[in-house]
Amino acid sequence: MTPQSLYKVPSDIAENALVNNDQYKKMYQESIINPEGFWREHGKRIDWIKPYTKIKKTSFDDHNLSINWFYDGTLNASANCLDRHLEEHGDKLAIIWEGDDANEQRKLTYAELHTQVCKFANALRSQGVNKGDIVTIYMPMVPEAAVAMLACARIGAVHSVVFGGFSPDSIAARVIDGKSKVLITADEGIRGGRKIPLKRSIDEAISNPDVTCVEKVIVFKRTGGDIDWVEGRDVWWHSLMEVASEFCQPAEMNAEDPLFLLYTSGSTGNPKGVLHTTGGYMVYASMTHEYVFDYKADEVYWCTADVGWITGHSYMVYGPFANAATVLIHEGVPNHPTPARLGEMIDRHKVNILYTAPTLIRALMAEGKEQFSSYKGDSLRIMGSVGEPINPEAWRWYHEVIGHENCPIVDTWWQTETGGILISPLPGATDTKPGSATRPFFGVQPALVDNMGDIVEGTGEGNLVILDSWPGQMRTVYGDHDRFALTYFKTFRGMYFTGDGARRDEDGYYWITGRVDDVINVSGHRLGTAEVESALVSHELVAEAAVVGYPHDIKGQGIYAYVTLTRGIEPTEELRQELRQWVRKEIGALATPDLIQWASGLPKTRSGKIMRRFLRKIAANEVTNLGDSSTLADPAVIDTLIESRLNKTE
């Protein structure tokens with residue numbers, strides 16, 4: 001590792017951080033050697049109605065799979081996010097909201113948010129919602145989305161948030177699986193200057209003949225646009241709130257009572273409902289938010305994720321509110337109407353902590369540094385990355401242009417299934433390397449195993465597994481515990497299989513190499529697609545790249561690259577050859593792409609995740625049955641890629 005590629009903890013951060021490197025090592029060691037003692041102490045960071053005496057009862061045996069934390073304690077998640085802050089922080093801002101139009105802004109204190117949540121919790125009860133019922137939420141990025149979630153938690157209902165861009169079929173599948181009687185939506189959302197017909201999508205979902213459970217649809221009036229209305233079923237949010245009481249006693253929930261369902265996106269077949277429970281999740285979301293972002297009282301924290309994803313749940317709602325944070329919520333996208341929007345919002349709201357995704361960083365990179373010429377960024381202290389491995393070139397650009405080389409970057413690795421961050425730098429403790437998620441959080445025991453399940457010691461590469469449970473871990477796949485065991489615990493017995501590959505370097509740092517199915521076997525040698533993608537994107541003319549394997553007569557698999565060039569650059573055969581040589585130089589001859597297809601856009605979900613299964617099929621010339629593309633932000637991208645594919649057979 002060259003000295004230039006190691007970014008030391010800034011001295012001012014180290015002096016004032018929650019933990020330094022020595023403290024991290026001591027706490028981590030304790031959390032592994034004595035997990036019960038460690039979590040017995042740190043479980044106290046949230047408020048309990050009946051304090052726990054039992055800490056951990058877990059088994060990763062796929063025949064006897066069970067995960068229980070703090071399991072004789074009782075609590076309420078909503079009370080932990082609101083009530084416990086009222087005495088000291090009632091007047092503190094809980095939410096700063098900025099609309100798609102920057103001129104539209106709202107602010108809510110903790111006392112005001114508490115009132116809204118209590119009233120809506122009573123409104124839900126008036127519509128027949130009881131403890132244990134699953135309520136489907138399909139909302140835009142407005143404060144009422146968080147209000148709806150916290151109101152469900154307050155009365156012991158289980159929320160199932162569906163991202164506000166999913167298709168009616170996707171909504172229907174989730175409603176059917178959860179048997180939701182009550183749905184919560186808005187007339188329309190606004191995103192990137194466009195109106196999103198949320199209520200229309202809900203109406204279409206309910207018209208599915210298999211949806212027979214829905215009794216009520218609560219509609220928040222966001223735009224006032226024309227919508228269809230079903231008398232007796234549809235009810236306005238504001239009408240319910242006008243008559244709802246401001247007092248709602250929080251329900252006493254067992255630590256292992258369900259808090260929410262969140263369905264994993266992009267899976268084939270039936271949706272997979274990831275079930276998270278109350279106690280362990282709240283402890284873990286709260287603790288990781290404070291330690292990973294080194295959160296200090298009175299700081300403004302901005303997570304750009306949508307509430308429909310796990311990042312929005314853990315690091316826009318439950319973690320920050322449990323810590324009495326001031327949370328910036330943005331309705332739109334941070335590069336609309338211009339790429340300067342991100343910087344403008346950081347300056348306008350004096351944001352101290354920013355948590356965003358590599359896909360946005362690369363999009364901003366492609367627009368050029370000049371978009372940030374008037375950006376000050378002097379309030380910013382910590383920056384985070386989430387959603388996929390960040391390539392080193394994007395990491396450095398983020399560090400230089402957004403962070404002015406002063407802000408540590410926490411490159412966080414975790415999953416919907418993990419509930420919270422598992423591997424990440426801590427700002428005051430961890431020297432960072434661009435592209436590495438670095439070291440595990442407290443209580444997390446990662447390991448690498450080969451394809452036979454044998455542990456890889458020291459430096460090496462393999463399948464990333466976790467050897468023991470942590471409090472934020474999912475408990476089951478809703479309604480299908482066998483599927484939970486099969487998906488995560490049968491591949492490598494007695495271990496949680498993440499589905500990702502990773503390598504560990506000489507410093508014990510972890511580098512996520514991508515999904516295991518994103519590994520290409522070229523002439524018997526394994527290559528992580530993320531590595532080839534990073535090499536391509538490090539070229540100054542490349543904005544984005546996605547790499548997949550395809551059948552090759554000689555090598556077994558060849559390397560097929562989809563490349564998006566920076567704005568204004570024309571694709572040429574000369575540039576294609578230059579990029580092949582560039583990768584050869586960066587990684588080695590083995591990694592040289594066999595085929596490079598120019599791509600004006602890549603197939604992405606609305607959260608920015610590249611859907612590689614489409615790219616693999618197109619590269620393999622299997623274009624007649626690509627499967628459901630309804631979750632893509634722009635399904636038309638697929639047709640363009642098919643038309644210009646390079647592996648056609650006549």
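Heads up, the Cβ atoms here are built off N, Cα and C, so glycines get one too.
Feature annotation from Swiss-Prot assigns CoA binding site to Arg191, Gly192, Gly193, Arg194, Thr311, Asn335, Ser523, Arg584; the stated evidence is sequence analysis. According to Swiss-Prot, the feature ATP binding site maps to Gly387, Glu388, Pro389, Asp411, Thr412, Trp413, Trp414, Gln415, Thr416, Asp500, Arg515, Arg526, an assignment based on sequence analysis. The feature Mg(2+) binding site is assigned by Swiss-Prot to Val537, His539, Val542, with sequence analysis given as support. Summarising the annotation, Swiss-Prot assigns N6-acetyllysine to Lys609 and lists sequence analysis as the type of evidence.
Of all the binding-site residues given, namely Gly193, Gly387, Pro389, the one with the smallest number of surrounding CB atoms inside 10 A is Gly193.
Between the binding-site residues Thr412, Thr416, the minimum number of other C-beta atoms within 10 Å of a residue's C-beta occurs at Thr416.
For the Mg(2+) site, the Cβ centre of Val537, His539, Val542 serves as reference, and the other residues of the chain with Cβ at most 8 Å from it are Glu393, Ala535, Leu536, Ser538, Glu540, Leu541, Ala543, Glu544, Ala545, Val563, Leu579, Trp582. Checked against Trp414 (ATP binding site) by C-alpha proximity, the recorded positions Arg194, Asn335, Val537, Lys609 yield Lys609 as the nearest. Val542 (Mg(2+) binding site) and Thr311 (CoA binding site) are 28 Å apart (CA-CA, integer value). Here the candidates are the recorded positions Asn335, Val542, Lys609. The one whose C-alpha lies nearest to that of Gly387 (ATP binding site) is Lys609. Secondary structure at Thr416 (ATP binding site), taken from DSSP and collapsed to helix, strand or coil, is helix.
Other Cβ atoms within 10 Å of the Cβ of His539 (Mg(2+) binding site) number 19 in total over all chains. Contacts of Arg515 (ATP binding site) defined by a Cβ separation under 8 A and a same-chain sequence distance of 6+ are given as Gly499, Asp500, Gly501, Arg612, in order along the sequence.
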